[in-house]
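Visitor: Right, I'll just put the structure down here and ask away after.
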Amino acid sequence: ELGNMTRVQEFILLGLSTSPETREVLFVVFLTLYLLTLLENALIVFLICSHAELHKPMYFFLGNLSCLEMCYVSVTMPSLLVGLWTGPYHVPFTACMTQLFFFIVLICTECALLASMACDRYVAICRPLHYPLLMRPQVCLGLAGTSWLGGLLVSVAKTTCIASLSYCGPNVLNQFFCDVSPLLNLSCTHVALTELVDFLSAIVIFCGTLLVALASYSVIGVTVFRMPSATARRKAFSTCASHLVVVGIFYSAALFIYCRPSRIRSMDLNKVLSVIYTVATPMCNPVIYCLRNKEVHAALLRTLRWT
(Lines of atoms letter the chains of each structure in order from A and count residues from 1; the text may use other names and numbers.)
(Lines give C-alpha, C1' and ligand atoms only; values in the text may rest on other atoms or scores of the structure.)
Protein backbone atom coordinates (compact mmCIF):
# COMPACT_ATOMS: atom_id res chain seq x y z
CA GLU A 1 0.00 0.00 0.00
CA LEU A 2 2.84 2.38 0.82
CA GLY A 3 4.44 1.59 -2.52
CA ASN A 4 1.43 3.03 -4.33
CA MET A 5 1.67 6.31 -2.42
CA THR A 6 3.55 9.30 -3.81
CA ARG A 7 6.81 10.06 -2.02
CA VAL A 8 7.03 13.57 -0.60
CA GLN A 9 9.23 15.75 -2.82
CA GLU A 10 9.20 18.81 -0.57
CA PHE A 11 8.35 19.93 2.94
CA ILE A 12 6.47 22.97 4.17
CA LEU A 13 8.15 24.80 7.05
CA LEU A 14 5.62 26.65 9.21
CA GLY A 15 8.35 28.83 10.70
CA LEU A 16 8.50 30.49 14.07
CA SER A 17 5.20 32.38 13.93
CA THR A 18 2.08 32.34 11.76
CA SER A 19 0.87 35.84 12.66
CA PRO A 20 1.76 38.42 9.95
CA GLU A 21 2.05 41.26 12.47
CA THR A 22 4.31 39.23 14.73
CA ARG A 23 6.44 38.02 11.82
CA GLU A 24 7.36 41.57 10.77
CA VAL A 25 8.64 42.48 14.21
CA LEU A 26 10.43 39.16 14.68
CA PHE A 27 12.09 39.45 11.27
CA VAL A 28 13.77 42.71 12.25
CA VAL A 29 14.76 41.31 15.65
CA PHE A 30 16.26 38.08 14.32
CA LEU A 31 17.98 39.73 11.37
CA THR A 32 19.68 42.09 13.84
CA LEU A 33 20.65 39.16 16.07
CA TYR A 34 22.01 37.24 13.07
CA LEU A 35 24.21 40.11 11.90
CA LEU A 36 25.35 40.80 15.46
CA THR A 37 26.28 37.14 15.94
CA LEU A 38 28.34 37.10 12.75
CA LEU A 39 30.07 40.35 13.71
CA GLU A 40 30.88 39.22 17.27
CA ASN A 41 32.28 35.85 16.28
CA ALA A 42 34.21 37.24 13.29
CA LEU A 43 35.79 39.82 15.62
CA ILE A 44 36.85 37.08 18.06
CA VAL A 45 38.44 35.04 15.25
CA PHE A 46 40.24 38.14 13.92
CA LEU A 47 41.62 39.10 17.35
CA ILE A 48 42.84 35.56 18.06
CA CYS A 49 44.52 35.21 14.67
CA SER A 50 46.13 38.67 14.64
CA HIS A 51 47.52 38.90 18.19
CA ALA A 52 50.38 36.63 19.25
CA GLU A 53 49.51 36.88 22.95
CA LEU A 54 46.21 35.13 22.19
CA HIS A 55 47.91 32.15 20.56
CA LYS A 56 47.13 29.92 23.52
CA PRO A 57 45.10 26.69 23.80
CA MET A 58 42.11 28.38 25.43
CA TYR A 59 41.85 30.97 22.66
CA PHE A 60 42.52 28.35 20.00
CA PHE A 61 39.37 26.52 21.11
CA LEU A 62 37.47 29.82 21.38
CA GLY A 63 38.44 30.60 17.79
CA ASN A 64 37.23 27.18 16.68
CA LEU A 65 33.98 27.71 18.58
CA SER A 66 33.46 31.13 16.98
CA CYS A 67 34.06 29.72 13.47
CA LEU A 68 31.63 26.92 14.21
CA GLU A 69 28.95 29.27 15.45
CA MET A 70 29.18 31.50 12.39
CA CYS A 71 28.49 28.37 10.33
CA TYR A 72 25.89 27.21 12.84
CA VAL A 73 23.70 30.31 12.66
CA SER A 74 24.15 30.46 8.88
CA VAL A 75 22.57 26.99 8.60
CA THR A 76 19.42 27.74 10.63
CA MET A 77 18.91 31.53 10.62
CA PRO A 78 18.34 32.06 6.87
CA SER A 79 15.41 29.63 6.87
CA LEU A 80 14.05 31.26 10.03
CA LEU A 81 14.25 34.69 8.38
CA VAL A 82 12.64 33.45 5.14
CA GLY A 83 9.77 31.99 7.18
CA LEU A 84 9.28 35.28 9.01
CA TRP A 85 9.39 37.22 5.72
CA THR A 86 7.11 35.01 3.60
CA GLY A 87 5.24 32.84 6.09
CA PRO A 88 5.11 29.05 5.61
CA TYR A 89 7.23 28.09 2.60
CA HIS A 90 8.24 25.04 0.59
CA VAL A 91 11.65 23.37 0.92
CA PRO A 92 12.77 20.64 -1.54
CA PHE A 93 13.49 17.25 0.03
CA THR A 94 17.19 17.39 -0.94
CA ALA A 95 17.61 20.90 0.48
CA CYS A 96 15.94 19.84 3.72
CA MET A 97 18.25 16.84 4.15
CA THR A 98 21.28 19.00 3.31
CA GLN A 99 20.33 21.48 6.02
CA LEU A 100 19.78 18.63 8.46
CA PHE A 101 23.20 17.18 7.63
CA PHE A 102 25.10 20.40 8.31
CA PHE A 103 23.03 21.15 11.41
CA ILE A 104 23.88 17.75 12.95
CA VAL A 105 27.57 18.13 12.02
CA LEU A 106 27.78 21.48 13.76
CA ILE A 107 25.79 20.67 16.89
CA CYS A 108 27.78 17.46 17.48
CA THR A 109 31.06 19.29 16.86
CA GLU A 110 30.06 21.99 19.35
CA CYS A 111 29.45 19.34 22.01
CA ALA A 112 32.92 17.89 21.46
CA LEU A 113 34.55 21.34 21.46
CA LEU A 114 32.86 22.26 24.74
CA ALA A 115 34.21 19.04 26.26
CA SER A 116 37.70 19.83 24.91
CA MET A 117 37.54 23.28 26.47
CA ALA A 118 36.58 21.72 29.81
CA CYS A 119 39.63 19.43 29.58
CA ASP A 120 41.81 22.46 28.81
CA ARG A 121 40.56 24.22 31.95
CA TYR A 122 41.13 21.04 33.98
CA VAL A 123 44.77 20.83 32.90
CA ALA A 124 45.31 24.58 33.41
CA ILE A 125 44.01 24.54 36.99
CA CYS A 126 44.74 21.03 38.25
CA ARG A 127 48.04 20.34 36.46
CA PRO A 128 49.51 23.78 35.73
CA LEU A 129 53.14 22.62 35.62
CA HIS A 130 52.31 20.09 32.90
CA TYR A 131 50.06 22.47 30.95
CA PRO A 132 52.59 23.42 28.20
CA LEU A 133 53.26 19.74 27.52
CA LEU A 134 49.75 18.32 27.83
CA MET A 135 48.12 21.12 25.81
CA ARG A 136 50.84 21.60 23.19
CA PRO A 137 49.71 22.68 19.69
CA GLN A 138 49.64 19.11 18.31
CA VAL A 139 47.25 18.02 21.08
CA CYS A 140 44.99 21.04 20.54
CA LEU A 141 44.86 20.41 16.80
CA GLY A 142 44.10 16.74 17.47
CA LEU A 143 41.22 17.58 19.83
CA ALA A 144 39.74 20.11 17.41
CA GLY A 145 40.15 17.78 14.42
CA THR A 146 38.58 14.89 16.32
CA SER A 147 35.64 17.12 17.26
CA TRP A 148 34.95 18.03 13.64
CA LEU A 149 35.49 14.49 12.38
CA GLY A 150 33.23 13.02 15.08
CA GLY A 151 30.46 15.45 14.18
CA LEU A 152 30.82 14.54 10.50
CA LEU A 153 30.60 10.78 11.11
CA VAL A 154 27.58 11.06 13.39
CA SER A 155 25.83 13.32 10.90
CA VAL A 156 26.43 10.91 8.03
CA ALA A 157 24.86 8.06 10.02
CA LYS A 158 21.86 10.03 11.29
CA THR A 159 21.10 11.86 8.04
CA THR A 160 21.36 8.66 6.00
CA CYS A 161 18.84 6.92 8.27
CA ILE A 162 16.40 9.82 8.20
CA ALA A 163 16.69 10.38 4.44
CA SER A 164 16.03 6.68 3.76
CA LEU A 165 12.64 6.81 5.51
CA SER A 166 9.44 7.04 3.46
CA TYR A 167 7.52 10.31 3.63
CA CYS A 168 4.06 9.88 2.08
CA GLY A 169 2.33 12.94 3.52
CA PRO A 170 1.46 15.15 5.25
CA ASN A 171 4.60 17.19 4.60
CA VAL A 172 4.20 20.10 7.05
CA LEU A 173 7.06 20.66 9.54
CA ASN A 174 6.09 22.67 12.60
CA GLN A 175 9.61 24.08 12.90
CA PHE A 176 11.70 26.87 11.37
CA PHE A 177 14.36 24.49 10.00
CA CYS A 178 14.63 20.80 9.09
CA ASP A 179 15.16 19.12 12.45
CA VAL A 180 15.27 15.47 13.49
CA SER A 181 12.11 15.14 15.60
CA PRO A 182 9.67 16.88 13.19
CA LEU A 183 10.95 14.73 10.32
CA LEU A 184 10.52 11.51 12.33
CA ASN A 185 6.97 12.55 13.14
CA LEU A 186 6.16 12.80 9.41
CA SER A 187 7.55 9.44 8.38
CA CYS A 188 4.93 6.91 7.23
CA THR A 189 7.19 3.89 7.83
CA HIS A 190 8.46 2.19 10.95
CA VAL A 191 11.14 4.41 12.49
CA ALA A 192 12.33 2.21 15.37
CA LEU A 193 15.81 1.72 13.86
CA THR A 194 16.19 5.41 13.07
CA GLU A 195 15.05 6.38 16.57
CA LEU A 196 17.54 3.89 18.00
CA VAL A 197 20.38 5.41 15.94
CA ASP A 198 19.24 8.89 17.01
CA PHE A 199 19.09 7.87 20.67
CA LEU A 200 22.46 6.09 20.69
CA SER A 201 24.20 8.97 18.95
CA ALA A 202 22.64 11.37 21.47
CA ILE A 203 23.95 9.22 24.31
CA VAL A 204 27.45 9.09 22.81
CA ILE A 205 27.71 12.72 21.74
CA PHE A 206 25.54 14.70 24.15
CA CYS A 207 25.79 12.60 27.29
CA GLY A 208 29.39 11.51 26.65
CA THR A 209 30.73 15.03 26.20
CA LEU A 210 28.57 16.33 29.05
CA LEU A 211 30.03 13.68 31.39
CA VAL A 212 33.55 14.72 30.33
CA ALA A 213 32.73 18.36 31.13
CA LEU A 214 31.10 17.47 34.47
CA ALA A 215 34.00 15.22 35.48
CA SER A 216 36.51 17.94 34.59
CA TYR A 217 34.68 20.57 36.60
CA SER A 218 34.16 18.23 39.55
CA VAL A 219 37.92 17.81 39.86
CA ILE A 220 38.41 21.54 39.22
CA GLY A 221 35.94 22.33 42.02
CA VAL A 222 37.80 20.14 44.50
CA THR A 223 41.13 21.68 43.48
CA VAL A 224 39.84 25.25 43.75
CA PHE A 225 38.34 24.75 47.22
CA ARG A 226 41.66 23.34 48.42
CA MET A 227 43.55 26.46 47.38
CA PRO A 228 44.76 28.36 50.47
CA SER A 229 44.35 31.81 48.96
CA ALA A 230 40.94 33.40 48.37
CA THR A 231 42.44 35.46 45.54
CA ALA A 232 43.68 32.32 43.82
CA ARG A 233 40.26 30.68 44.21
CA ARG A 234 38.50 33.69 42.65
CA LYS A 235 40.96 33.81 39.76
CA ALA A 236 40.61 30.08 39.08
CA PHE A 237 36.83 30.22 39.28
CA SER A 238 36.63 33.24 36.96
CA THR A 239 38.42 31.32 34.20
CA CYS A 240 35.77 28.56 34.36
CA ALA A 241 32.57 30.48 35.10
CA SER A 242 31.94 31.60 31.51
CA HIS A 243 32.40 28.08 30.15
CA LEU A 244 30.06 26.66 32.78
CA VAL A 245 27.35 29.16 31.80
CA VAL A 246 27.62 28.25 28.11
CA VAL A 247 27.62 24.51 28.86
CA GLY A 248 24.56 24.88 31.09
CA ILE A 249 22.52 26.83 28.53
CA PHE A 250 23.48 24.68 25.55
CA TYR A 251 23.05 21.24 27.13
CA SER A 252 19.85 22.08 29.02
CA ALA A 253 18.00 22.84 25.79
CA ALA A 254 19.71 20.26 23.57
CA LEU A 255 19.41 17.31 25.96
CA PHE A 256 15.73 18.01 26.57
CA ILE A 257 15.03 17.63 22.86
CA TYR A 258 17.47 15.03 21.59
CA CYS A 259 18.19 12.54 24.39
CA ARG A 260 14.93 10.63 23.95
CA PRO A 261 14.17 7.49 22.00
CA SER A 262 10.55 8.48 21.34
CA ARG A 263 9.03 11.05 19.06
CA ILE A 264 8.44 14.49 20.53
CA ARG A 265 4.94 15.91 20.36
CA SER A 266 5.18 19.36 21.98
CA MET A 267 6.65 20.98 18.88
CA ASP A 268 5.87 24.57 19.95
CA LEU A 269 8.03 24.07 23.03
CA ASN A 270 10.71 22.56 20.79
CA LYS A 271 10.73 25.70 18.65
CA VAL A 272 11.27 27.89 21.70
CA LEU A 273 14.11 25.68 22.93
CA SER A 274 15.58 25.53 19.42
CA VAL A 275 15.80 29.32 19.40
CA ILE A 276 17.87 29.16 22.60
CA TYR A 277 20.65 26.97 21.20
CA THR A 278 20.50 28.03 17.55
CA VAL A 279 20.18 31.80 18.07
CA ALA A 280 20.74 32.90 21.67
CA THR A 281 23.77 30.75 22.49
CA PRO A 282 25.88 31.67 19.41
CA MET A 283 25.12 35.35 20.01
CA CYS A 284 25.87 35.28 23.75
CA ASN A 285 28.96 33.07 23.70
CA PRO A 286 31.44 35.78 22.56
CA VAL A 287 30.07 38.15 25.19
CA ILE A 288 30.10 35.53 27.95
CA TYR A 289 33.62 34.37 27.13
CA CYS A 290 35.28 37.68 26.36
CA LEU A 291 33.40 40.42 28.23
CA ARG A 292 35.54 40.02 31.35
CA ASN A 293 38.68 38.76 29.62
CA LYS A 294 41.52 41.25 30.08
CA GLU A 295 43.70 39.81 27.31
CA VAL A 296 40.90 40.06 24.75
CA HIS A 297 40.07 43.58 25.95
CA ALA A 298 43.70 44.64 25.53
CA ALA A 299 43.90 43.10 22.05
CA LEU A 300 40.67 44.84 21.03
CA LEU A 301 41.87 48.23 22.30
CA ARG A 302 45.16 47.90 20.40
CA THR A 303 43.27 47.00 17.24
CA LEU A 304 41.02 50.03 17.62
CA ARG A 305 44.04 52.31 18.15
CA TRP A 306 45.71 50.94 15.01
CA THR A 307 42.62 51.78 12.96
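Yeah, the Cβs are placed from backbone N, Cα and C, and that goes for glycine too.
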Visitor: Would you please say which range out of 139-157, 272-290 has the annotation transmembrane segment in TrEMBL?
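Guide: The range carrying the transmembrane segment annotation in TrEMBL is 139-157.
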Visitor: Please determine whether the transmembrane segment (97-118) and the transmembrane segment (25-49) are in contact (criterion: at least three Cβ-Cβ distances under 8 Å, sequence separation 6 or more).
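Guide: Answer no: the transmembrane segment (97-118) and the transmembrane segment (25-49) share fewer than 3 Cβ pairs below 8 Å.
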Visitor: Can you work out the mean pLDDT of the predicted model over the domain 'G-protein coupled receptors family 1 profile' (40-289)?
Guide: 84
